[in-house]
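Among the features that Swiss-Prot reports, active site, acyl-thioester intermediate is placed at CYS130. Here Swiss-Prot flags SER15, GLY16, SER17, ILE18, SER162, ALA163, GLY164, ILE165, ALA166, THR167, ARG168, GLU169, ASN170, ASN272 as NAD(+) binding site, drawing on sequence analysis.
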Amino acid sequence: MKSKSSRTRVAILGSGSIGLDLMFKVKASEQFDLKFVVGRNANSDGLRLARSCNVETSSDGLDFLKAHEDAYDLVFDATSAAAHKVNNRFFSDAGKFVIDLTPAKVGRLCVPCINLDDMGAEQNVNLITCGGQASLPLAYALKQAVDEIDYLEVVSAIASRSAGIATRENIDEYMTTTEYALAKFSGAKKTKAILNINPAEPGVRMQTTLYAYARYRDFDRVRASVADMVEKVREYVPGYRLVVEPLESQGRITIGLTVRGRGDYLPEYAGNLDIINCAALAVASHRHATARLGATQ
């Protein structure tokens, strides 16, 4: 087991479902020393659970992290898009590395299987949205295999119980940021993102369907590119898999996927939350390894 002095000191801002699942993931890793879980409501179930796991908590939010800025190196921000824009003013001034799990689009957009190695010098890394983390690998794989994408549409369906307050409050930002990222990573001329929240009980597993009108010369190349990308995603999201292999009909390409969560804290059907947390952990692990390498040179 690594000594605490060799671990990256971590604070989690936000004590909802994403923050708590991150807490369990961080605590299970020998790379990190979890210092704080911080929220806004002293009586919240999230902070109560964190305390029961022997993690120091506070309901003073950003003010607490300002007062303890020397005690952590990395922050996972699992609040809201609006809150993150305020939070990052302090983190930027304080030189703190931030992994943003909101659709605020303040920092550099990251999908680990696409551009993780480019994140080394960034102060703020934005993980776009859960639907983005699911669909963007496939959108990027398409880009590698076709001549041009005229239109790209992504429809994600998630269980109502996995859509917390922050998710519902950020719907507009979710659409805008996902569509922006789809255009950026695929080069598509026009993009559209749709999020369906399914109230069915028991909760249904996250599913995402990608539709594209694209010009290509070899559809086998499309299939191969998508298959290769799925394996890259599965390196950090084991529950990621295709349910509809690439299909072509009258110029339209269809690909379907599902994400089964790891079940660290969230139920397995909440793959939408698990995939963005797995991406966050991949970014944090990369930064930890980069920092350790720099310290030995």
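Glycine is no exception: its Cβ is also placed from the backbone N, Cα and C atoms.
Here the features listed in Swiss-Prot are painted onto the structure.
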residue	record	DSSP (3 states)
SER15	NAD(+) binding site	coil
CYS130	active site, acyl-thioester intermediate	helix
SER162	NAD(+) binding site	helix
ARG168	NAD(+) binding site	helix
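Put simply, the residue listed as 'active site, acyl-thioester intermediate' is 13 Å from SER17 (NAD(+) binding site) when counted between their Cα atoms. When the binding-site residues SER162, ALA166 are compared by the number of other C-beta atoms lying within 10 angstroms of their own C-beta, ALA166 comes out lowest. Over all protein chains present, the Cβ of SER15 (NAD(+) binding site) has 27 other Cβ atoms lying within 10 Å.
Within 10 Å of its Cβ, the residue among the binding-site residues SER17, ARG168, ASN170 with the fewest other Cβ atoms is ARG168. Around GLY164 (NAD(+) binding site), the C-beta neighbours below 8 angstroms that are at least 6 residues distant in the chain are GLY16, SER17, ILE18. Whole-number maximum of the Cα to Cα distances across the NAD(+)-binding residues SER15, GLY16, SER17, ILE18, SER162, ALA163, GLY164, ILE165, ALA166, THR167, ARG168, GLU169, ASN170, ASN272: 17 angstrom. The number of other CB atoms found within 10 A of the CB of CYS130 (active site, acyl-thioester intermediate), across every protein chain shown, is 31. Comparing ALA166 (NAD(+) binding site) with CYS130 (active site, acyl-thioester intermediate), their Cα atoms are 13 Å apart once rounded.
Separation of the C-alpha atoms of ASN170 (NAD(+) binding site) and the residue listed as 'active site, acyl-thioester intermediate': 12 Å, rounded to the nearest whole number.
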